[in-house]
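Let me begin by presenting the structure, written as structure tokens, before commenting on it.
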Amino acid sequence: MSFMVKSQINWIKVAILGIAFYIASLVSAIYIPIIIAIVLAFILNPLVDLLCKIRIKSFIMPRGLAILLSFLFAGVCLTIIATFVFMPFVHEFEKFVANLPYLIQKIQQITIAIEARASEVTLPANLSSLVQQTVSSAASFSVGLVRKIVNSIFDLASRIIEMVVVPVLAYYFMKDWKYLKESFVSIFSVDKRNEIHTIIDEMAAVISGYIRGQFWISILIGLTVFCGMYSLEVEYPLVLGLLATLTETIPIVGPIIGAIPAILLAFLTSPALAVKVLLFFIIVHQIENHIIVPNVMGHTIDLHPATIIIVLLIGGQLYGIMGMLLAVPVAALLKVICRYLWYYK
């Protein structure tokens, strides 16, 4: 095959990929079920691999059956969680939503009082203005954050029908991963396929390590926050625990975002309680950074903290909360691809 023909074929493949990405951008509503299915597949895949290794005399468990059993196990776990955690959470969350206007009004009153106190203190004009702007911004950010999270939860619940496709997609991702990978690799020239295999395997290792590590860290931190808030007698400990679980999925800034509502709720009770809650989150954050994350995540992502903050800002600016959730794993994948493009000619 001549060089010109090969070049034309490569350009056709690039054009097809470009058209595929363009079509994908037009149907962005389907991204969330696909992303959840990928996450579910990566979480359950170790259990599926373990079940596939079971040997009973001459019986070898088929992968399809192992996947169904893993779904059954996940279903039992979710049923237990729904019975002992979700129902109490729903009751507490309803109370929280009902009291949300009152809480927002109280936060605004405290903000006005702090601004009034700050105006009584003799400060340079620039510094006084900065203090007032900082207090107002912090209060507005916290109130806006709570509203966004509440709206996101209701939006997710309203799209529950779309979530029906999640286990179906996850099933095929786990069952036919090798076939899907081979189908993708086959669009490249034969001399490049080994390199493409290598890069896909490395990307899969990065994503699987990140998802599993982040999953267990989020669960652990959420339980810790729930127990801490319950022990300190802060209102809505289940809501705050779930909030900490969700925000923990955002590296570096997530734990800070999750702590703000807890500190504000504690401050509405008493400033002394707010200080205790602040100290609690500082201790948890230090234990997480120096003990939990190094042992659970290791060097899965291998991104500098400054890089993480930058990509979080970019993701948040482009796609909001979902962009912040996906920013770090996408950046890690791009790093793998860039390293591949740099070293392989």
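Counting begins at 1 with the first residue displayed.
Glycine too: its Cβ is placed from the backbone N, Cα and C atoms.
Among the features that TrEMBL reports, transmembrane segment is placed at 20-44 (among others).
According to TrEMBL, the transmembrane segment annotation covers 65-90 (among others).
Among the features that TrEMBL reports, transmembrane segment is placed at 156-174 (among others).
According to TrEMBL, the transmembrane segment annotation covers 215-232 (among others). Within its own chain, the transmembrane segment (215-232) is flanked in space by residues 39, 43, 238, 240-242, 244-246, 248-249, 255, 258, 262, 266, 273, 276-277, 280-281, 284, 288, 292-293, 296-297, which lie at least six positions past its ends and keep a Cβ under 8 Å from the stretch.
Annotation source TrEMBL lists transmembrane segment at 252-284 (among others).
Sequence-remote contacts of a segment are chain residues at least 6 beyond its ends whose Cβ falls under 8 Å from one of its Cβ atoms, and for the transmembrane segment (252-284) they are 103, 106-107, 110, 138, 141-142, 145-146, 221, 224-225, 228-229, 232-236, 240, 243-244, 246, 305, 308-309, 312, 324.
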